[in-house]
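Heads up: the structure comes next, in structure tokens.
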Amino acid sequence: MAVRPIRIVGDPVLHTATEPVPVGADGSLPADLADLITDMYDTMDAAHGVGLAANQIGVSKRVFVYDCADERKKTTRRRGVVINPVLETSEIPETMPDPEDDDEGCLSVPGESFPTGRADWARVTGLDADGTPITLEGTDLFARMLQHETGHLDGFLYLDRLIGRNARSAKKTVKSHGWGVPGLSWMPGEDPDPFGH
């Protein structure tokens, strides 16, 4: 299908909760959803991401794709799509995030990363591309991805979770790049890779 531009922090679609994907009485999904999911995979792959929410490409639908290892620096990955996800987590630590273990980035904040507090365990329930109910759960990096992508669909970026000096640093970084305004995007595969993959 197609690689689509990824919206950058400040675009209203990233800061607004997405709409659930309608499911028919027979469990059927909208006919155009398959093309959207294919475009999301293509875009995530071109950007070398571990996840991508639909609103990151400007579509306000409650769906995300992922291609993520369970732990950092592991090569075995899980790949799939979750439609209308519902998130459940363990308690989020109230301590300052560790600069190494809790570092998090985002394709909508290209090239930047900040320590972000997240729960150690997460579970998401939803539907797969065929409309079949699924449950995903994990710890470490996979749990972080589940929380990150579901947060996107709720209208939040990981920057919204930052505290203390990390929040101040992120605000300065966004301002220095000229982000935080509507209409900015980058094109995976055409623009330079902001994360250096």
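Using N, Cα and C of the backbone, Cβ positions are placed for all residues, glycine too.
As recorded in Swiss-Prot:
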- E149: active site (ACT_SITE)
- C106, H148, H152: Fe cation binding site (BINDING)
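Feature annotations (Swiss-Prot) mapped to structure.
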residue: C106; record: Fe cation binding site; contacts (Cβ under 8 Å, 6+ apart): E112, H148, L157, Y158, L159
residue: E149; record: active site; contacts (Cβ under 8 Å, 6+ apart): G51, L52, A53, F64, Y66, V82, P85
residue: H152; record: Fe cation binding site; contacts (Cβ under 8 Å, 6+ apart): L14, A53, N55, Q56, F64, S108
Identify all same-chain residues not among C106, H148, H152 whose C-beta atom falls within 8 angstroms of the centroid of the Fe cation site's C-beta atoms; report them in sequence order.
G51, A53, Q56, L107, S108, E149, G151, L157, Y158
C106 (Fe cation binding site) - helix vs strand vs coil (DSSP):
coil
Taking the Cβ of H148 (Fe cation binding site) as the centre, count every other Cβ atom within 10 Å, in any protein chain shown.
25
